[in-house]
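Peer 1: Below you'll find the structure I mean.
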Amino acid sequence: ADFVLVWETVPWELSGQQDSRENGDIQERSATIHRTWRKKFLDELHTAGIRMEKHMTRVEKKVVHYLLLSAPWSVLCYYAEELQLRVPLQALPRQTSNWSASVLRQLGIPNLMAQEVPNLPLDYYTCPFKANKLRWFLGSDEQDTFFSTTQRHQILYKILATTQYGHSRDQEVGVDRLLSENVFTAAFPLHEARPCRPPGPYKLRPEELAAGSLSPRQVLFQYWASWWKWSKYQPLDHIRKYFGEKVAFYFAWLGFYTGWLLPAAVVGMVVFITGIFLMFSDVPSQEVCGSEEKYWMCPLCKTCPYWQLSKICSTFMTGRLFDHGGTIFFSIFMSLWAVLFLEFWKRTNASLAHHWDCSEFEDIEEQPRPQFTAVAPMTIINPITGAEEPYFPKRRRTHRILAGSMVIIMMIAMVMMFLVSIILYRAVVAILLSSSGYFWFVASASRIASITGSVVNLIFILILSKIYISLAHFLTKWEMHRTQTKYEDAFTFKVFIFQFVTFYSSPVYIAFFKGKFVGYPGNYRSFLGVRNEECSPGGCLIELAQELLVIMVGKQIINNVQELAIPKLKCWWHKHKLLSGKKPGKEGESVLVEQAPWMMDHQLLVFEGLFDEYLEMVLQFGFITIFVAACPLAPLFALLNNWVEIRLDAHKFICDYRRPVAERAQGIGIWFSILEAITHLAVISNAFLIAFTSDFLPRMYYGYVHDSSLRGYVNFTLAYAPWDFVLQSNTTCRYRAFRDRDGNLTLTYWQLLAIRLGFVIVFEHVVFFTGRVITWLVPDIPESVEVKVKRERYLAKEALAENKV
């Protein structure tokens with residue numbers, strides 16, 4: 001059997017025991033409709049020639065039905081031709097694809113990352129299947145093994161997804177709709193496994209390991225999902241053979257990205273260590289720490305006291321860890337690192353796409369989505385393949401996309417409004433608590449406001465993201481995209497924009513807005529009647545660094561614990577529900593049923609796609625590039641996280657998830673365009689961070705104009721409170737700004753502003769130009785792959801010419 005359909009029914013003797021008469025009638029009507037649909041659907045499958053084998057098991061108050069499906073040879077051949085599945089023509093010599101392996105070999109260094117994985121899949125010249133050319137294909141005389149397991153799954157899923165069970169105008173088509181209506185409770189391909197023994201289908205006994213007769217799933221468990229293999233290459237060809245190209249591309253990209261994080265983490269560490277040495281020899285830090293009662297600072301809020309600058313000695317010194325000349329170098333380094341990373345991923349992607357026979361998948365081979373085929377209003381001749389296929393007018397789709405975009409803009413505006421209200425909430429709560437009179441509240445007013453604000457923010461984001469994701473699903477279906485790739489790209493783009501706004505809003509506010517529009521003593525600016533927030537006494541850059549450390553360390557640890565614990569708990573609960581009320585049949589029979597592979601697979605979790613996996617990594621890529629000027633340690637934490645992430649994800653795919661239907665893909669889809677956009681955004685962000693948030697340029701200016709040793713720099717950055725304010729409060733105080741005693745901006749401010757804007761323009765132009773040069777110098781497709789492609793085209797022409805003769 002290749003595919004399993006599962007549904008549940010209530011036995012006749014229990015169906016009468018309902019809570020109420022009315023409720024019972026509704027349930028009975030629903031069950032009747034479900035029975036009718038299911039019978040029609042299974043009859044259609046039977047007509048299509050699908051072989052079926054039925055098993056049942058009794059669980060407490062219901063019967064679980066398992067229907068095992070397999071397709072005979074004639075059906076496989078018909079659909080293989082329709083789906084243009086690629087089959088082997090000729091075996092090829094095996095090639096290694098790891099660039100690091102070839103570099104180490106040339107340098108004569110032993111490769112500790114290499115590992116010998118058994119049953120390595122062979123490499124073939126392939127072409128789309130044609131039934132009348134069957135004898136030309138390799139292994140065509142062995143009907144049982146000619147089509148791979150994943151290809152048989154694809155064929156069966158195509159049949160299940162396009163089989164009609166009601167009216168097509170009501171979209172009563174396909175297994176996905178039946179699953180959403182609860183007519184079936186599950187539909188999944190079977191995991192490959194040796195006959196199941198108590199340790200489980202993927203875990204090994206020593207004698208099996210020695211015998212070398214491992215199933216593909218056991219090979220992956222042993223050589224990929226094992227924690228002891230954290231430093232080894234991933235067996236990508238095995239992953240592709242078992243899960244399909246789409247999953248294999250995700251793991252190829254994740255492994256490639258993790259490898260590239262290594263140099264970034266090393267350079268970040270060096271910059272951070274440099275910061276530690278600079279911190280102790282920094283003149284302004286010594287001035288602040290030794291000022292004692294020299295600088296009395298103006299209150300940070302209406303009810304706050306005056307404070308001494310020397311009190312922030314430790315915070316000020318910590319700020320120097322991240323705010324020095326090395327940060328500029330590291331920002332430029334990370335911007336160019338991101339460009340190089342994407343350029344070399346393009347090359348790796350092209351090599352893998354050719355190696356896995358999917359380099360022309362999106363343009364020529366990809367079929368329309370079954371859901372699109374079922375409801376498209378008309379057909380048209382495809383200009384590339386010449387075949388007739390379903391069509392949805394472009395103009396109508398464009399109108400729908402525009403309408404959907406308006407809804408999305410409204411949702412994002414709603415998020416922005418909420419984020420502004422959180423900022424106001426923090427300010428109002430801080431004022432209320434500090435004027436409450438209770439000592440404990442007054443002492444920690446801002447901390448309480450900040451923590452409660454974060455909790456409210458988190459709850460709101462979780463609720464809103466649930467609503468938004470279901471809305472994005474609905475809009476993307478309504479837009480009627482022809483292929484699965486286009487459908488997923490549209491959905492990904494919608495959800496990513498929302499997640500980007502919610503995740504990055506807080507760091508962006510701290511980096512670019514907080515403390516920038518404050519005013520001055522006696523003339524503070526307010527928003528909706530609340531005084532604008534100021535940076536903490538140590539400056540905004542140290543706040544941003546704290547925020548990033550919380551995200552890069554805290555959030556990643558929580559995510560990994562969730563990824564480890566939640567699937568295990570869900571699996572346990574699912575298993576508990578299925579097995580708790582199981583009634584044994586004859587003696588020994590229940591053991592047989594309990595160990596049936598379809599039952600064991602049914603206890604696993606549904607695979608819900610790669611979106612969440614990609615999203616987590618791409619958001620992380622954003623944090624280590626967009627805000628890298630504030631935290632040079634971010635790439636190190638990302639690297640440590642990803643080493644764990646690869647094995648966690650591998651373990652989930654092998655042990656916790658039902659086997660997904662293998663899907664083909666040409667790369668990582670729209671995620672590549674998103675990564676490119678983040679890379680461009682990072683250059684602009686880092687330029688503004690260094691120019692406007694860090695102290696680097698004012699220090700350079702002071703060193704050049706006044707004193708290169710930076711003595712007196714602290715006094716230079718502090719202005720005196722205006723006369724009006726001093727007369728009101730009878731106290732002179734200082735605040736950070738370049739203003740005179742009347743509160744007007746000084747010439748120094750305008751000179752510094754010109755320097756800052758000049759720096760932004762020069763920084764951007766230098767980095768973008770260097771990035772362009774790199775892009776121009778590194779070809780997108782490696783020369784070796786281009787030669788192989790030309791060779792294959794030549795062989796294909798030769799074969800055609802021979803056929804004609």
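Including glycine, each Cβ sits where the backbone N, Cα and C put it.
Look at TrEMBL and you will find 2-236 tagged as domain 'Anoctamin dimerisation'. Per TrEMBL, the feature domain 'Anoctamin transmembrane' maps to 239-792. The transmembrane segment annotation in TrEMBL covers 247-280, 326-345, 401-428, 448-469, 490-512, 617-640, 668-692, 749-769.
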Peer 1: Given a Cβ distance threshold of under 8 angstroms, which distant residues of the chain, six or more beyond its ends, lie next to the transmembrane segment (448-469)?
Peer 2: 411, 414-415, 418-419, 422, 425-427, 429-430, 433, 441, 495, 498-499, 502, 506
Peer 1: Applying the under-8 angstroms CB criterion, which one of 247-280, 401-428, 490-512, 617-640, 749-769 scores highest with the transmembrane segment (668-692)?
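Peer 2: Maximum Cβ contact count belongs to 617-640.
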Peer 1: Quick check for me: are there 3+ Cβ pairs below 8 Å between the transmembrane segment (326-345) and the transmembrane segment (401-428), leaving out pairs under 6 residues apart?
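Peer 2: Contact absent: fewer than 3 Cβ pairs fall under 8 Å.
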Peer 1: Over the domain 'Anoctamin dimerisation' (2-236), what is the model's average pLDDT?
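Peer 2: Result for the domain 'Anoctamin dimerisation' (2-236): average pLDDT 79.
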